[in-house]
């Protein structure tokens, strides 16, 4: 008789323990149900990068003096600078400048050490192509200014990059 009562007691304790664990799981689920979705509908919602975001490099051909500092400070010697020495001016004349963004690690050393500030980082991060050879940008492609996400009326901008704290969940879509 006492053995039966002990079995019922242990069974009821285990059932209560299991119900407690199931309740804790439901509480986590209900906690996440109150939050807004963080999923980004990519073509229609885009991230607005921060000020220090390192995107595609913009190049200004007229400012470049062909000093090749960018090549020397690049960890992978990536920029290709072709120049010709002009004897009458006793100066280097830049002919072509190219960067292969399929290899670039976007470290920003070339931008930081450029003495004439002809290189700058843009907020363009959409560099996907079907052929990797299309990522080799010459001085004409590097000189093209990117379209700003803020200026596109068809796109909603997302304020933060990635992590949103629990208290700042509402209103993370930029209503412009």
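Any Cβ shown, glycine's included, is placed from N, Cα and C.
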Further binder of [4Fe-4S] cluster 2 named by Swiss-Prot next to 104, 107, 110, taken from the candidates 74, 118: 74
Overall pLDDT for the domain '4Fe-4S ferredoxin-type 1' (55-84), taken as the rounded mean: 94
Alpha-carbon spacing, residue 67 ([4Fe-4S] cluster 1 binding site) to residue 110 ([4Fe-4S] cluster 2 binding site), which is rounded to whole Å: 12
For residue 74 ([4Fe-4S] cluster 2 binding site), the number of other Cβ atoms found within 10 Å of its own Cβ: 17
Pairwise Cα distance for residue 70 ([4Fe-4S] cluster 1 binding site)/residue 104 ([4Fe-4S] cluster 2 binding site) [Å, integer]: 12
Three-state composition of the domain '4Fe-4S ferredoxin-type 1' (55-84), taking helix and strand from DSSP: 8 helix, 8 strand, 14 coil
